[in-house]
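Data first, discussion second: the structure below is written as structure tokens.
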Amino acid sequence: MFKRPLTLSLLASLIALTTSTAQAATVDLRVLETTDLHSNMMDFDYYKDKPTEKFGLVRTASLIEAARQQATNSVLVDNGDLIQGSPLGDYMAAKGLKAGEIHPVYKAMNTLDYAVGNIGNHEFNYGLDYLKKSLAGAKFPYVNANVIDVKTGKPLFQPYLIVDTPVKDRDGKNHNLRIGYIGFGPPQVMIWDKANLTGKVTVDDITETAKKWVPEMRKQGANLVVAIPHSGLSSDPYKTMAENSVYYLSQVPGIDAIMFGHAHAVFPSKDFATIKGADIAQGTLNGIPAVMPGQWGDHLGVVDFVLNNDQGQWQVTQAKAEARPIFDKATQKSLAAENANLMKVLAADHQGTRDFVSQPIGTASDNMYSYLSLIQDDPTVQIVNNAQRAYTEHFIQGDPDLADLPVLSAAAPFKAGGRKNDPASFVEVEKGELTFRNAADLYLYPNTLVVVKASGADVKQWLECSAAQFNQIDVNSSKPQSLINWDSFRTYNFDVIDGVNYEIDVSQPARYDGECALINDKAERIKNLTFNGKPIDPQATFLIGTNNYRAYSGKFAGTGDSHIAFASPDENRAVLSAYISAETKKHGQVTPQADNNWRLATLNSQQPLDIRFETSPSTKAAEFIKQKAQYPMKAMGTDEIGFAVFKIDLQK
């Protein structure tokens, strides 16, 4: 009597096994990523008015095409910072988008079959209305889970998407793979674009948002979850609202891949080899495939999956990631041709941009190069500070609360080698006629001018924070020592404050880290700080012209909401252009000479010091250094990235 049930049970098991085996399949899936394109659609440097092989989506597109041809199944995503960042973006923002007009970035990207895009922090630079008009031109959807609409309390954008994606397995059979995409942006956008966003949106923590939504995506049937955070990679201990949250995302259960960006760096690469859990050879972070493909289209992110469903559901069995460059820095050769179709699509807007940046604004008496802007007072920063001070002094006339306060200005070198990843990224403005192209070269970002009210003590601490740019020099060592703290400090945080005089003693330890957090309360690098020839009064009150990013950040002493004196509606770049025009009308030309209000302090040592500084490798830079360097400098060759290395003598 037990024979029949046993036979039926065995038969059922065999049928189930046969069905499972018949349905079992292995699928290869490639996920491609672009990020931080910053409107660099063309392979063209509008600041120099010359073609380039080193960036531009028209070249990345060729890598995209090749990567797709190599794969049976592929999808393409973009990670934002798209509509701002090059003269093409400036051109479109200046003229505005008419109803139904498509932004050039989407004219190009709509031809490449993107599956989805994420919102970057720079998408908010021109306000929510302009962003909405721009996004309307995209033929692909957008996701972002942590930007919250104040009115509704819900995400402003679609938080995630699950896309039914047809794929072929290794036997050529068709399947449906449900790919989930979720996007995130840095919470700091509420500081950086405070004027555009306050009262309209809030931004939640990236990691906590992921923990909320990823289980929901799995519940809704996502076979694969691809996170697209506009956020960088840091292994610092977790902090709520961290700007760079990718490491913590890699520890969130349910995420299968991280396509990240924001930091303008390349992962996997040796730059991240020391991070615990980072497998540079495999391209994984805590076992999760992750990729960050640089900036401006100079790399394409590639994640390759092998998925298998022999257990009845799709599971990742293998995964690896890489970032493919469009240019070989070692051989100085292009690795990607121009995409002819994109060149055609962009032709009219490209010419419009060239015409836009060629508008004359004035005349300069001398060249303005930023080759030495990190180590001495410099004309490219000086002219910005001059413009900001002139604007502020004019603005406060007649104001009973502000008119009698002394005016200072803070500005930083925006183009001084990038993040030590671009030996060509320096300001190069020639004397003679100046155009808007030159103003954009001198002031890279569409920031607005904001004036803060700060004490003399704040000025000192502000400068101490800026001085974290330098490594501490050991005066008892004769070994080569690198002067610039490239790893932990961004040059756009190296504020020069004009209107005061001071020296920076790099033999002393830094008081603050690269994020302006106090690390040594006994350290002092700023020496001989004076105002009008006298030691600065810590109790005195000053107005400091700066930009919205710095003013609202609260990181530097003297910044934050409580210090705001007034917020101008004008962009710093427009202020600079107007200053150049006014000076030209008044004097026939603008004179961009550094006033040398700061310098590196002379170092005392019993032996010769070998201090190294990196800058442009061009012959133009070498000649400029020969003529303008305030310290003796000796060329020592080039480093592996291509920067010229100089030995700088701070003992004289």
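Any Cβ shown, glycine's included, is placed from N, Cα and C.
Per Swiss-Prot, the feature signal peptide maps to 1-24; the stated evidence is sequence analysis.
Summarising the annotation, Swiss-Prot assigns divalent metal cation 1 binding site to ASP36, HIS38, ASP81, HIS264. Listed in sequence order, the residues of the same chain lying 6 or more apart from HIS38 (divalent metal cation 1 binding site) and placing their CB within less than 8 Å of its CB are ASP81, LEU82, GLN84, GLY85, SER86, GLY89, HIS122, GLN295, TRP296.
What Swiss-Prot records for ASP81, ASN121, HIS230, HIS262 is divalent metal cation 2 binding site, and it gives similarity to another entry as the kind of evidence. Counting every protein chain shown, the number of other Cβ atoms lying within 10 Å of the Cβ of ASN121 (divalent metal cation 2 binding site) is 22.
Counting only same-chain residues at least 6 apart in sequence, those with a Cβ under 8 Å from the Cβ of SER553 (substrate binding site) are ILE191, TRP192, THR559, GLY560. What Swiss-Prot lists as substrate binding site is TYR445, TYR549, ARG550, ALA551, TYR552, SER553, GLY554, LYS555.
On a Cα basis, HIS262 (divalent metal cation 2 binding site) lies 16 Å away from TYR549 (substrate binding site).
Of all Cβ atoms in the protein chains displayed, 25 besides its own lie within 10 Å of the Cβ of ARG550 (substrate binding site). Distances between the Cα of LYS555 (substrate binding site) and those of the binding-site residues ASP36, ASN121, HIS230, HIS264 are shortest for ASN121. Shown in sequence order, THR35, LEU37, GLY85, GLY120, HIS122, GLY261, HIS262, GLN295, TRP296 are the same-chain residues outside ASP36, HIS38, ASP81, HIS264 whose Cβ sits within 8 Å of the Cβ centre of the divalent metal cation 1 site. Compute the center of the Cβ atoms of ASP81, ASN121, HIS230, HIS262, which mark the site for divalent metal cation 2; besides them, the chain residues with Cβ within 8 Å of that center are THR35, ASP36, ASN79, GLY80, GLY120, HIS122, GLU123, GLY185, PRO186, SER231, GLY261. SER553 (substrate binding site) falls within a helical segment according to DSSP. The Cβ of TYR445 (substrate binding site) has ASN125, PHE414, ASN547, TYR549, ASN572, ARG573 as same-chain neighbours under 8 Å, each 6 or more residues away in sequence.
Of the candidate binding-site residues, ASP36, ASN121, HIS230, HIS262, the one lying closest to ARG550 (substrate binding site) when CA atoms are compared is ASN121. Annotated pair HIS230 (divalent metal cation 2 binding site) and TYR552 (substrate binding site), C-alpha to C-alpha distance, rounded: 21 Å.
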